[in-house]
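Going by TrEMBL, these are the annotated features:
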- 31-50: DNA-binding region (DNA_BIND)
- 89-265: domain 'BPL/LPL catalytic' (DOMAIN)
- S101, T102, N103, Q123, K194: biotin binding site (BINDING)
Amino acid sequence: MKNKESRVGNMAVRDEIIKTLEENRGTYLSGEQLAKKLSVSRAAVWKAIRKLQEDGFAIEGVNNKGYKLAEDTDVLSVQGTAKYLDVECPVRLEVFRCINSTNLALRERTQEEEGLVLAAMEQTNGLGRLGRSFMSPANTGIYFSILLKPQIANQEVTLLTTIAAVAVCEAIEKYTDKKPQIKWVNDIFIDSHKVCGILTQAAFQMENLDPEYVIVGIGINLYMPTEGFGKELENIAGSVLQEQSGDIKNKILAETLNRYFYYYKNFAKKEFIAEYKKRSLVLGKGIRVVTKDGERKATALDIDDMCHLLVEYEDGTRENLSTGEISIRLQ
């Protein structure tokens, strides 16, 4: 792990400064005010401001006025996200400038209590489904993983992915005019392009196969990378937004966590299933079911309370598909 930006409960001077500037976004605060509030020298304030500017924070400094965080700053931070988190959202958030993989990093910390969330502005080894990689370039997306210790049956673990898909959609809908849809089982699409992927990994107890811990990894492409997604993904991957929108990263991350933990807390009600179906990209459409044995054409008919996909093949036979080694493609 590298370039750790901040950690709740162990804030350095610059973490306190960005917290204060976030609370007063768009308003100038003098170096003297900041120094007095933090009980440090003005030189320490200046040094911390310079470091924050290097990290991408649009902090303006004006003689006789002081410093302010620009209204349109869009840098992921613990302090920026905290402003939008519900009081009852039980997360402990850590943000990194760059990390190999938030899922891999969280796997090293599964002894901690649930609710730990690791987020990054860039991943060098982002993980995707079925062993694929997930492209995670700097400053264009939000990449984060959630640690859970659920008291649910092992066959219900896949529903934690379902919750993630709904939570991401609801967050995007709250802060943009986009209408995301869910391609079974875990991809979010906008305008026929994938803008989010979800990877859920779990460990199970040997005695009863109950889940010991679950890690839900989510990667959201907010903006197009300067050089695009590359030839292999140019017709597949897309972004939520075409141009920068002030403070959207912190808002989307916070609202995704708010909605995720709402549904997680009320898991038994399974309210998220109806929301998932409402946003389905595949129901009523012709699809191709892809397994290791080949492809079959089918029509997607329904999604049940376990998020199994009911399909009807061309020969009239029906099957309930579960997640795993199955993929579907739209015809």
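Keep in mind that glycine also has a Cβ here, set from the backbone N, Cα and C atoms.
Any TrEMBL annotation is an automated prediction that lacks curation.
Features recorded in TrEMBL, as mapped to the structure shown.
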{"residue": "S101", "record": "biotin binding site", "contacts (Cβ under 8 Å, 6+ apart)": "Q123, T124, N125, G126, L127, G217"}
{"residue": "T102", "record": "biotin binding site", "contacts (Cβ under 8 Å, 6+ apart)": "F96, L118, A119, A120, Q123, Y143, F144, S145, G217"}
{"residue": "N103", "record": "biotin binding site", "contacts (Cβ under 8 Å, 6+ apart)": "L127, S145, L199, Q201, I215, G217"}
{"residue": "K194", "record": "biotin binding site", "contacts (Cβ under 8 Å, 6+ apart)": "K183, D187, I188, N221, I236, A237, G238"}
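In the three-state DSSP classification, K194 (biotin binding site) falls within a strand. Mapped onto three states, the DSSP output places Q123 (biotin binding site) in strand.
Averaged over the domain 'BPL/LPL catalytic' (89-265), the predicted model has a pLDDT of 92. Break the DNA-binding region (31-50) down by DSSP state and the numbers are 17 helix, 0 strand, 3 coil. The record assigns S101, T102, N103, Q123, K194 to the biotin site; their largest pairwise CA distance measures 20 Å.
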